[in-house]
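Copied over from Swiss-Prot:
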BINDING   C10, C13, H14, M76  heme c binding site
MOD_RES   Q1  pyrrolidone carboxylic acid
Amino acid sequence: QEAPKAFNQCQACHKVEAGEDGVGPSLFGLFGHKLGQAPGFKYSEAHLKFAQQTVDEPFLTKYLADPKASLPGNKMVFAGLKNPDDVKAVLAYLKTIK
């Protein structure tokens, strides 16, 4: 599946290939895993504090819309996707990256 236009903001820092980190960790196989699990990536204390959080649709819906409110203290500079259709498109795309 082709990445939606809204995903361009994510690609500024994240890669979708397994084990290929950018400024942020790879998003490959993100769904169903716990936060802060990409091997070798140095996560913020905020991500480590929420390391038991499973990355699922309810969590990512909130996180993509407002990362700072969903995960206080995280280092991501991304302000969030304000359009709910963009959030849905990015979620659908992320589910295919595995």
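Glycine is no exception: its Cβ is also placed from the backbone N, Cα and C atoms.
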List of residues, in chain order, with Cβ under 8 A from that of C13 (heme c binding site) and at least 6 apart: G22, V23, G24, M76, F78
Cα-Cα distance maximum in Å, computed over every pair in C10, C13, H14, M76 that the record assigns to heme c: 11
Distance, H14 (heme c binding site) to Q1 (pyrrolidone carboxylic acid) (CA atoms, angstrom): 17
Packing count at M76 (heme c binding site) (other Cβ atoms within 10 Å of its Cβ): 17
Sequence-distant neighbours of C10 (heme c binding site) in its chain (C-beta under 8 A, six or more apart): L27, F78, V90
